[in-house]
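One structure is given below, encoded as structure tokens.
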Amino acid sequence: MALASLARRKGYLLSRSFSNQTSEVLRYSLSLTSFSRGFASSGSDDNDVVVIGGGPGGYVAAIKAAQLGLKTTCIEKRGTLGGTCLNVGCIPSKALLHSSHMYHEAKHAFANHGVKFSSVEVDLPAMMGQKDKAVSNLTRGIEGLFKKNKVNYVKGYGKFVSPSEVSVDTIDGANTIVKGKNIIIATGSDVKSLPGITIDEERIVSSTGALALKEIPKKLVVIGAGYIGLEMGSVWGRLGSEVTVVEFASEIVPSMDGEVRKQFQRTLEKQGMKFKLKTKVVGVDTSSGGVKLTLEPAAGGDQTTLEADVVLVSAGRTPFTAGLGLDKIGVETDKGGRILVNERFATNVPGVYAIGDVIPGPMLAHKAEEDGVACVEFIAGKVGHVDYDKVPGVVYTHPEVASVGKTEEQVKTLGVEYRVGKFPLLANSRAKAIDDAEGIVKILAEKETDKILGVHIMAPNAGELIHEAAIALQYDASSEDIARVCHAHPTMSEALKEAAMATYDKPIHI
């Protein structure tokens, strides 16, 4: 281990218990409200914590609160736990990504490995059934965790009556009032709509509809080149759709490191995905049975048309706070509808908190989970902590693209002198052995100290590989620290080691 990194780590460990969240996205002034664990109201002590929303942030917050000895109730309108992520997001999409990848490999790659058969076909109902089974098993599993941890579960739509009372219209048609000293808003996000485009979940679909198509479209147009659009485009592209992605910006996935982004786009194009960048949709016609889109350059110009059987609208997500009664109790939001909170996730209303997609920050399930744990720890009188600069992000295509920390563009903007180390998967023995060597590992480190600033991986299972880098960033490790850790051979993890060697010195295998 590098001595400089060891010194930094000792300092980190000494100061960690006193750390606070310095991320700009949550630095809403503590002067708005003093920290309060209660609210004076009749019967408000029925629950220590009430959570509105049973998604990744909400159900995790509820379980953690119960584990800390707080009497807890979770309210969820869907009737099944897990929120968008588990029901119509992360989990079903990953099920279809895996199933479609298996089909694509069987059709296009198995023969290279000596596995031959006369034909292969898609059984779409069976594929959808496997997806639905995974979702059902996991939602029931969360209900089991609620019972195990003694979390009270109320199925219905909750809205504020007062800062300590939530009126719930239950899914069986009744109404009940749930009271609590502390109420956490964890209602997540919804699909962002586009002007002039009506989503019917049949021909024009959101990500929800794209997970439940009854047949494989011949032509699929995806509006939006972000994580969700590229993942769902990959699913249907592998199954046989001709996929065209229309993006207003000049690049796909704008949050991604520029160099990795360009290589990623080339890979998707080789897989058959087409891109129309710097392009906007100005008209939609569904009168002919299909969908005809009218397009024009983002900067203005001549219009063109593009026909499709199905159009996926994937232009981002927006905080879901409709009907919660936030205005009734005076909870402050920003122009984007996000709830403003301080470093303890407290709103300007004493006793009311918010986490996950409804507050500023990355709209990611794992970020919401961390919010939930930290928020409840603050409520319980402990110290919570989430560092939004070290939240990993993953695009679950094939290859996957994962990152944590700063991009090269962000480092340049900060004016920090840095070094870059890169290692291609083409030089990794495991990737070559399994004939899956498309990708790269890229590390950015501060020039003077060798402290790692960001790591970007495009590789099979990049979403798994990224966590070694996430730990390194969390403990202020240097690239030399990673390089001097013995990595098993042959593994794709060795590509990270080699990239680290390239950052502070020289790699061995290239």
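The backbone N, Cα and C atoms fix where each Cβ goes, and this holds for glycine too.
The shown structure was predicted, so the numbers you read here are calculated from the model rather than taken from an experiment.
Residues annotated as domain 'FAD/NAD(P)-binding' in TrEMBL: 48-372. Per TrEMBL, the feature disulfide bond maps to Cys85-Cys90. Under the heading FAD binding site, TrEMBL lists Lys94, Gly158, Thr187, Gly188, Ser189, Asp357, Met363, Leu364, Ala365, His366. The NAD(+) binding site annotation in TrEMBL covers Gly224, Ala225, Gly226, Tyr227, Ile228, Gly229, Leu230, Glu231, Glu247, Gly316. As annotated by TrEMBL, domain 'Pyridine nucleotide-disulphide oxidoreductase dimerisation' applies to 391-500. Summarising the annotation, TrEMBL assigns active site, proton acceptor to His489.
Neighbours of the NAD(+) site: apart from Gly224, Ala225, Gly226, Tyr227, Ile228, Gly229, Leu230, Glu231, Glu247, Gly316, residues of the same chain with C-beta atoms within 8 angstroms of the site's C-beta centroid are Val222, Val245, Ile252, Val253, Ser314.
Computed over the domain 'Pyridine nucleotide-disulphide oxidoreductase dimerisation' (391-500), the whole-number mean pLDDT of the model equals 98. Closest to Thr187 (FAD binding site) by Cα-Cα distance, out of the recorded positions Cys90, Gly224, Gly226, Ile228, Leu230, is Cys90. A gap of 9 Å separates the Cα atoms of Ile228 (NAD(+) binding site) and Cys90 (disulfide bond). Take the CB of Ile228 (NAD(+) binding site) and look out to 10 A: across all protein chains shown you find 23 other CB atoms. With a cut-off of 8 Å between CB atoms and residues at least 6 apart in sequence, the same chain places Gly224, Ala225, Phe275, Lys276, Leu277, Lys278, Thr279 near Glu247 (NAD(+) binding site), listed in sequence order. Under a cutoff of 8 A between CB atoms, and with a sequence separation of 6+ in the same chain, the neighbours of Leu230 (NAD(+) binding site) are Val222, Val245, Ile252, Val253, Leu268, Met273, Val395, Thr397. Secondary structure of the domain 'Pyridine nucleotide-disulphide oxidoreductase dimerisation' (391-500) per DSSP, as helix, strand and coil residue counts: 41 helix, 33 strand, 36 coil. For the recorded positions Lys94, His489, the greatest number of Cβ atoms within 10 Å around a candidate Cβ is found at Lys94.
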